[in-house]
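A.B. asks: Mind looking over this structure? Questions follow.
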Amino acid sequence: MDTPRVLLWAIFLISFLWDLPGFQQASISSSSSSSTELDSTKDVGNRKEGKMQRTPQESAEGRTPPEHGLRQKDLRRRPPGQHQGQEPPGRGLRVVPHEYMLSIYKTYSIAEKLGINASFFQSSKSANTITSFVDRGLDDLSHTPLRRQKYLFDVSTLSDKEELVGAELRLYRQAPPTPWGLPARPLHLQLFPCLSPLLLDARTLDPQGPTQAGWEVFDVWQGLRPQPWKQLCLELRAAWGELDAGDTGARARGPQQPPPLDLRSLGFGRRVRPPQERALLVVFTRSQRKNLFTEMHEQLGSAEAAGAEGSWPAPSGSPDAGSWLPSPGRRRRRTAFASRHGKRHGKKSRLRCSRKPLHVNFKELGWDDWIIAPLEYEAYHCEGVCDFPLRSHLEPTNHAIIQTLMNSMDPGSTPPSCCVPTKLTPISILYIDAGNNVVYKQYEDMVVESCGCR
């Protein structure tokens with residue numbers, strides 16, 4: 001058979017078989033199996049070379065924009081309990097100082113400048129720290145008369161190293177919407193620890209008296225005596241008193257049923273209250289003299305553990321200390337502050353020992369995150385030489401006089417005495433602690449009043 005005829009028969013056979021459905025499916029399956037075998041061969045080769053094929057989902061993740069990857073990384077670095085977008089303690093507008101705490105700060109700050117409150121803080125029974133805690137209790141949404149109301153405070157930030165001097169609960173009584181009217185019997189308000197029969201304090205209200213709004217203050221010092229301090233729950237109760245035995249007019253009218261008691265109608269309801277009218281627990285403590293920087297490091301370390309990121313000092317032993325480095329902006333502020341106030345050499349250093357200006361700006365130090373007031377103050381510093389003969393106003397010690405004399409005879413053998421503060425005074429600071437509580441504290445030795453040679 002010649003070649004043209006063979007080719008013609010082959011074309012005819014192929015066209016005939018192509019019209020059969022089974023031949024098309026067999027061809028597709030054969031192609032798929034070939035592709036699978038090819039892919040398998042490639043996978044084996046990739047595994048040998050340390051490469052793996054990525055699924056479509058993995059490929060999509062690999063194409064994630066850099067910003068998304070950065071957010072995921074930051075989320076992994078965020079401490080437990082801090083959600084994305086949550087502000088660290090002491091930042092933003094979440095903590096609003098209560099007017100009572102602001103008034104305390106203003107009063108004592110003015111008194112410090114006038115020098116009239118020294119005896120208050122030097123007394124053995126007085127406080128140098130005042131901490132405020134805002135009520136965290138929930139509203140009672142029931143429609144029944146509210147005869148008892150609980151107030152809950154988180155006092156875990158109080159240190160057992162501090163001496164408890166006093167504590168008070170401040171409740172703002174709103175003006176009742178309507179007068180009570182008869183009967184003319186007293187109304188008793190009593191404060192107890194929750195689940196305890198211990199009466200902490202009591203007040204008597206006159207329902208027929210003036211219905212002016214104002215603060216009711218209860219002494220709760222006994223309720224805070226048990227330690228350790230974690231949570232403090234206080235319960236306010238109301239009860240009608242007995243008629244006065246001398247009120248003959250009321251008795252002549254006969255027995256009258258008093259209206260049902262409801263703390264809401266008395267002005268003690270929680271609903272529709274601005275922040276400045278919420279219940280406030282004020283604790284007065286006396287702490288031992290403590291180094292400011294040590295105490296602030298503890299405060300910042302606690303705040304960092306509660307959720308601050310990227311701007312607070314790393315806690316000791318932190319496994320990821322690198323992620324808690326100060327922000328570049330804060331480093332620039334500190335560098336600028338150091339360069340502006342760190343030059344103490346040259347001609348001025350040859351002046352005699354005296355007090356020089358030193359303006360402290362807490363914002364430049366990066367402390368404005370948690371310090372409310374003051375944001376700046378004049379600390380002063382001592383600078384100059386202590387050469388022979390020493391002036392009497394420098395109040396030198398006998399040792400400083402001898403040391404200065406030896407230095408004048410042989411400067412190489414004995415260094416000169418140093419120009420240091422001889423009298424320091426305190427300042428008041430209002431700040432936010434690690435629990436987002438507003439704290440007033442008087443810090444000793446913050447302002448140089450006089451300098452001398454020592």
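Just so it is clear, glycine is given a Cβ too, placed from its N, Cα and C backbone atoms.
Straight out of Swiss-Prot:
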SIGNAL    1-22  signal peptide
REGION    28-93  region 'Disordered'
COMPBIAS  39-52  compositional bias 'Basic and acidic residues'
COMPBIAS  60-73  compositional bias 'Basic and acidic residues'
COMPBIAS  81-92  compositional bias 'Low complexity'
CARBOHYD  Asn117  N-linked glycosylation site
REGION    247-268  region 'Disordered'
REGION    303-350  region 'Disordered'
COMPBIAS  303-319  compositional bias 'Low complexity'
COMPBIAS  329-350  compositional bias 'Basic residues'
DISULFID  Cys353-Cys419  disulfide bond
DISULFID  Cys382-Cys451  disulfide bond
DISULFID  Cys386-Cys453  disulfide bond
A.B. asks: Excluding near sequence neighbours, so keeping only residues 6 or more apart in the same chain, what lies with its CB under 8 A of Cys353 (disulfide bond)?
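C.D. replies: Sequence-distant Cβ neighbours: Cys382, Glu383, Gly384, Val385, Cys386, Leu394, Cys419, Cys451, Gly452, Cys453.
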A.B. asks: Measure from the Cβ of Cys382 (disulfide bond) and count the other Cβ atoms within 10 Å, all protein chains considered.
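C.D. replies: Here the count is 20.
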A.B. asks: Within 10 Å of the Cβ of Cys386 (disulfide bond), how many other Cβ atoms can you find? Include all protein chains, please.
C.D. replies: 24
